[in-house]
Amino acid sequence: MDESSLVRFVFLLCLVSSSVFCLAESDQNATVSSAVYIVTLKDRPSVHFSGRESSDSKHSLTATSSQIYRTLNRSASIIRVHDSLLRNVLRKENYLKLYSYHYLINGFSAVLTRKQADRLAAREEVENVVLDFLVEKATTHTPQFLGLPRGAWLRDGGSEYAGEGVVIGFIDTGIDPTHPSFSDKISGHTYSVPPHFTGVCEVTIGFPPGSCNRKLIGARHFAESALSRGVLNSSQDDASPFDGEGHGTHTASVAAGNHGIPVVVAGHRLGNASGMAPRAHIAIYKALYKRFGGFAADIIAAIDQAAQDGVDIINLSITPNRRPPGIATFFNPIDMALLSAVKAGIFVVQAAGNTGPAPKSMSSFSPWIFTVGATSHDRVYSNSIILGNNVTIPGVGLASGTRIMHKLVLATHALRNGTTVMDAIYVGECQDSSSFDQKLVQGKILVCSYTVRFILGVSTIKQALLTAKNLTAAGLVFYIDPSATGFQMTSSPMDIPGILISSPQDSQALLRYYNSSLLRENGSGKIVGSASVAKIVGGMRPTYGITAPKVMYFSARGPDPEDDSFVDADIMKPNLVAPGNAIWGAWSPLGIGTNDFQGERFAMESGTSMSAPHVTGIAALIKQKFPHFTPAAIASALSTTASLSDRKGEHIMAQRTVLNPDISQSPATPFDMGSGFVNATAALDPGLIFDIGYNEYMKFLCGINGSSPVVLNYTGESCSSYNSSLAASDLNLPSVTIAKLVGTRAVLRWVTNIATTATNETYIVGWMAPDSVSVKVSPAKFTIGNGQTRVLSLVFRAMKNVSMASFGRIGLFGDRGHVVNIPVAVIYKIAV
């Protein structure tokens, strides 16, 4: 196989919290003689030999020991085949096998030369050779905002039972096992380890014996690819499941952290925290590291192990930073491994990405993956400063206030003798106390400039606070510099009175007042002080009731790209949206993921990384109530019950720009929010579900033009074994997307009644047609009993030639209170 025949793509995976930036791509293989390759074989992996999905699988809690034994025996056989192949082809040459993948995909990763990779690729039993690719790192109130205490939790017996018996696997940066959010001794209700979980707790110097318990029931780390490249420093990068970054600890706590854990930050008590499913079990698969991120070979190994261990749900707060090349975005090693995970009955949740708000910015592609975008919620921490002229200026900042008025001093007016602005060009940011004269600052409120360097992480609020404390200032106030205008500010913790004024207009009002009160030396006109005074009110108490939810500007948007040429897929993404802005979660005190919360045990983070675990936790509640639900059934329950309105009953809005996002917003479409905003209580009683299985996904993949050899590469299955193919719009999804409607198209949907009562329910069908499209649904009325399935015919006809996307909804309204919501999107319309 020549070089052009190798599947060569490199794309970053980002931990999608909005404070982290992705690194640029690089092709390391141009400068080294060997590299890590991912090799897949034609034969099928272990999970494909079960021939079962969900309810009969290991993940149903009913798997027999003989089933597990057969799976393990098959896995051992696959590993022997891998070793034999390497010995036979490479003989006594130098190579290093890193992993055998045997459960979800049949293959291995190894350090090879290009010639060795070519020789393996030429073997009949080998289907694919892919270069490893780089991966990189991208609540106290949300349970109440989502209605869990009086809704979904009550249905499960309260917070002490919510998520009981469900295992969530997190592919992330690890976990801090000492955090009380993961203790198994919080309540008197004893945890019991689910018998279907067979994972282990790795013991290292950084993760000593006793780190795991009956809550945190498994922990491993994966770094063979990183080690082979020499980029892993065992001491600096925590070569253990311990979280030295903070991100993994945060996401795990949002989904499944214990209920009622006190949140204390910068010495301030800020309420109590809880995960969405506080009784769910946690299994950690660390594959990303604080200094360099990680590599796909390690990510795939983590996913493969999580599935083999028996997790019920996988949370992925990572996404590629660009579309995978090839005939379709769905064909990449991670998504294809996750397809096998779905076959094993595992529900997979992935963050949409933080590349919004532009259209087609979606970073999660495949229909078997549940993709979550980010919204705001209704809690804010309001702060303000009262000036001596009786003007009150609002701002943000988790800080106490000053009880009395204090004089103000601008940073550039408090320099030491001999120090000038030219000597320290960034002195206005207050990053170095040695630049200032303490006598000029002591007992006053120090006024500093908040520039774009803070947004980039070059300067930090924490360092400015240290400066203010070293100078014994009475408080600290930031005004917004023009370079940072338009960026959305969050409430940073401050251990002295402080405030960040985020409005340019209010910042100018502060400076005008200060400058109007300047004191100058007679004769020289030199500034010797200011008569201006102010009082910081403080921002420790949250306020509620703002318009929420709204889709955040950073949340990636649809339509879902089918390939890297901007062709749109007939798949709706995101699936729905959930809280992802200013989310409190557990944090590792050693974490370096955010400057503002270093050394703290909780942090407030934003990003679709935070949205995904909200849905992961709610999915655990559904899995607890319906243990035999397929992944598609869980996805359907979440989607069809989603809310379309904000707390005021108005249509959910979506921010449209990065700068000044609250000024530029409009009603959210399905390409912004999918089915809508997650409704935890309704999702536990959806009435009807749209189910779909592995075979349907395979028929869909086989229907993509030119896909047969690629499908064989990844699954070991031939498209010829499937009697038919399915267009994407024909998948039995709880949504309809038609990228190009030429004339008329009819699609079918199957709904199954899973109501807990045996009584029949009669549904009336209603719809709102997209612009320039006519819609007809039949039957328009039907009665369905428990466990029964009905087929719905949906016919769409283009009325005009229009190239702009338009949206509609189909609703199924049951006489027992169930409402099933089906979003519709049609992009190109060509009337015939």
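Using N, Cα and C of the backbone, Cβ positions are placed for all residues, glycine too.
According to Swiss-Prot, the feature active site, charge relay system maps to Asp172 (among others), an assignment based on sequence analysis.
Counting every protein chain shown, 34 other Cβ atoms lie within 10 Å of the Cβ of His247 (active site, charge relay system). The annotation active site, charge relay system is assigned in Swiss-Prot to His247 (among others).
Per Swiss-Prot, the feature active site, charge relay system maps to Ser609 (among others); the stated evidence is sequence analysis. For Ser609 (active site, charge relay system), the count of additional Cβ atoms within 10 Å of its Cβ stands at 36 [all protein chains shown].
According to Swiss-Prot, the domain 'Inhibitor I9' annotation covers 36-136, on the basis of sequence analysis.
Summarising the annotation, Swiss-Prot assigns domain 'Peptidase S8' to 145-684 and lists sequence analysis as the type of evidence.
Mean pLDDT of the predicted structure over the domain 'PA' (408-503): 88. Look at Swiss-Prot and you will find 408-503 tagged as domain 'PA'.
Taking a C-beta cut-off of under 8 Å and a sequence gap of six or more, Asn73 (N-linked glycosylation site) has no contacts in its own chain. Here Swiss-Prot flags Asn73 (among others) as N-linked glycosylation site.
In three-state terms derived from DSSP, Asn272 (N-linked glycosylation site) belongs to an extended strand segment. Taken from Swiss-Prot, the feature N-linked glycosylation site applies to Asn272 (among others), supported by sequence analysis.
Secondary structure at Asn315 (N-linked glycosylation site), taken from DSSP and collapsed to helix, strand or coil, is strand. Cβ-based neighbour count (10 Å, all protein chains) for Asn315 (N-linked glycosylation site) stands at 32. Marked as N-linked glycosylation site by Swiss-Prot on the basis of sequence analysis: Asn315 (among others).
Residues or ranges marked as N-linked glycosylation site in Swiss-Prot: Asn390 (among others). Within 10 Å of the C-beta of Asn390 (N-linked glycosylation site) we count 6 further C-beta atoms, all protein chains included.
Contacts of Asn417 (N-linked glycosylation site) defined by a Cβ separation under 8 A and a same-chain sequence distance of 6+ are given as Asp437, in order along the sequence. Annotation source Swiss-Prot lists N-linked glycosylation site at Asn417 (among others).
Taken from Swiss-Prot, the feature N-linked glycosylation site covers Asn470 (among others), and the record attributes it to sequence analysis. Using a 10 Å Cβ-Cβ cutoff, Asn470 (N-linked glycosylation site) registers 14 neighbours.
Among the features that Swiss-Prot reports, N-linked glycosylation site is placed at Asn522 (among others). A simple way to gauge crowding: the CB of Asn522 (N-linked glycosylation site) has 7 other CB atoms within 10 angstroms, across all the protein chains here.
In the three-state DSSP scheme, Asn679 (N-linked glycosylation site) is classed as coil. Annotated N-linked glycosylation site per Swiss-Prot: Asn679 (among others), in sequence order.
Taken from Swiss-Prot, the feature N-linked glycosylation site applies to Asn705 (among others). When Cβ atoms from all protein chains are considered, those within 10 Å of Asn705 (N-linked glycosylation site) total 7, not counting its own. In three-state terms derived from DSSP, Asn705 (N-linked glycosylation site) belongs to neither a helical nor a strand segment and is classed as coil.
Asn713 (N-linked glycosylation site) is surrounded by 23 other CB atoms, counting those within 10 A of its CB over all protein chains shown. Under the heading N-linked glycosylation site, Swiss-Prot lists Asn713 (among others).
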- [ ] Using the structure shown, find which entry in Asp172, Asn272, Asn679, Asn723, Asn760 (the recorded positions) has the sparsest Cβ neighbourhood within 10 Å.
- [x] Asn723
Open item on the list: Given the recorded positions Asp172, Asn272, Asn390, Asn679, find the one whose Cα is closest in space to the Cα of His247 (active site, charge relay system).
Closed with: Asp172
TODO: For Asp172 (active site, charge relay system), just give me the three-state DSSP call.
DONE: strand
Task: Nearest recorded site to Asn760 (N-linked glycosylation site) by CA-CA distance, among recorded positions Asp172, Asn470, Asn522, Ser609, Asn723 - done: Asn723
Task: Three-class DSSP secondary structure - Asn73 (N-linked glycosylation site) - done: helix
Task: Neighbours of Asp172 (active site, charge relay system) among the glycosylation sites Asn315, Asn390, Asn470, Asn723 (Cα to Cα, within 10 Å) - done: Asn315
Task: Proximal residue to Asn315 (N-linked glycosylation site) among glycosylation sites Asn272, Asn470, Asn522, Asn679, Asn705 (C-alpha distance) - done: Asn679
TODO: Could you find out if DSSP has Asn470 (N-linked glycosylation site) as helix, strand or coil?
DONE: helix
TODO: Do me a favour and check the Cα-Cα span between Asn522 (N-linked glycosylation site) and Asn390 (N-linked glycosylation site); whole Å is fine.
DONE: 29
